[in-house]
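Down below is the structure, laid out as structure tokens.
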Amino acid sequence: MSYAQTRTQTKAGYKAGVQDYRLTYYTPDYTPKDTDILAAFRVTPQPGVPYEEAAAAVAAESSTGTWTTVWTDLLTDLDRYKGRCYDIEPVPGEDNQFIAYIAYPLDLFEEGSVTNLLTSLVGNVFGFKALKALRLEDLRIPVAYLKTFQGPPHGIQVERDKINKYGRPLLGCTIKPKLGLSAKNYGRAVYECLRGGLDFTKDDENINSQPFQRWRDRFLFVADAIHKAQAETGEVKGHYLNVTAGTCEEMMKRAAFAKELEMPIIMHDFLTGGFTANTSLAHYCRDNGLLLHIHRAMHAVIDRQKNHGIHFRVLSKCLRMSGGDHIHTGTVVGKLEGDKDITLGFIDLLRENYIEENRSRGIYFTQDWASMPGVMAVASGGIHVWHMPALVDIFGDDAVLQFGGGTLGHPWGNAPGATANRVALEACVQARNEGRNLMREGGDIIREACRWSPELAAACELWKEIKFEFEAVDTV
């Protein structure tokens, strides 16, 4: 067949030009399928752009559409593959914002790939000129897609069985200063914190392998500290060894060395490291019996602005699919951003198996995790012993309460700082189990415990005036 004949035949069923997105991608009569991936976008259109057109543009640009009609549309079934905006909902109190609900057929996404999922949903559309701002508020991941992911390497119950600790939150500490310590001094700080009563210590997010402390030296000194602390206390101890590196090959080499040293847990910066690297590491951890702690470094660049970016509840869901046993979630009461209701919403999305839609907590869709293991929430950032009652009340048992400055800043040193936190935690758990109200009686509970612990009394005196009372930027 000649070129001229081909050109004539395509003309018969094809009309070139630009048409409104809403003619194809706005389908208010559509009923989402159980297998659809559903997305809730907060859309701020440019002045003069109708809501239906802006919403349809998001559906088009995040699925099959482009700016003009193309004749190759005739070579596929667009009705099968296109994203569809099926509902629009105004945002209360905002004149020019609305929530666009979009359904995507499952065929658009590669199985087991968070990287491909996000590349489609948020990879290009956020730069679209017709929009002033765009934020992905929530996703509903269907069971059919979830079953293509391994998820967390182990999950909450398996972790507790590995470390033999039940009925209370776990205690951690980020070693400070985060940069500048030699490997030997770093190991010393780890040992002091663990023998003082903590369950875990932690590399900070930006400790990798710098001139003042190469990764192999740090791993060796930390391993010595853990083995010594375990022998002295009779408890399983751990340190989150950060294996994040410049290449996946180097990252896996560091993970393998941690396993060789019989370390129970390693760590990854999942956003700066990337989802492909994180998923690979999670698979390695399951195969080799390592727990995987996840740091969310860079998250606020993506999630803090209320009208643009990706909400952390979406990043949390993506992390649970990609794989991690812990992830930092904020504290509500500490120095980092976090509205209480929203924080509790995405903590449930990390830990629970089935979560009902609850708009007061920012949950737009009911999510069934199909028995995928849960992720333990990590409360970290500006917390100290006076926060302990609120933290136990807010987070419950399946969490790691991580006191960095709140341990290492103790006036008597690292080990007494760890002891102060352990005593405060044990006092709060006992009081809760006896039926006392931690939010109302928390101060009294801590003061009573000070009578039996000079380490706790010294910590309480030091931090009695320290508060972080700022209004949350991101609210429902």
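Glycine residues also receive a Cβ, built from the backbone N, Cα and C atoms like all the rest.
What Swiss-Prot records for the substrate site is Asn124, Thr174, Lys178, Arg296, Ser380, and among His227, His239, His328 the residue it adds there is His328.
Here Lys202 (Mg(2+) binding site) comes close to Gly172, Cys173, Thr174, Ile175, His239, Tyr240, Met267, His293, Gln402, Gly404: these same-chain residues lie at least six apart in sequence, with C-beta atoms under 8 angstroms from its C-beta. A coil conformation is recorded for Lys176 (active site, proton acceptor) in the three-state DSSP classification, outside any helix or strand. Note: the CA-CA distance between Lys178 (substrate binding site) and Asp204 (Mg(2+) binding site) rounds to 6 Å. Contacts of Arg296 (substrate binding site) defined by a Cβ separation under 8 A and a same-chain sequence distance of 6+ are given as Asp269, Phe270, Leu271, Phe312, Leu315, Ile327, His328, in order along the sequence. Between the CA atoms of Lys176 (active site, proton acceptor) and Glu205 (Mg(2+) binding site) there is a gap of 12 Å. In the shown protein chains, 18 other C-beta atoms lie within 10 A of the C-beta of Asp204 (Mg(2+) binding site). The closest partner of Asn124 (substrate binding site) among the recorded positions, by CA position, is His295; the full candidate set was Asp204, Glu205, His295.
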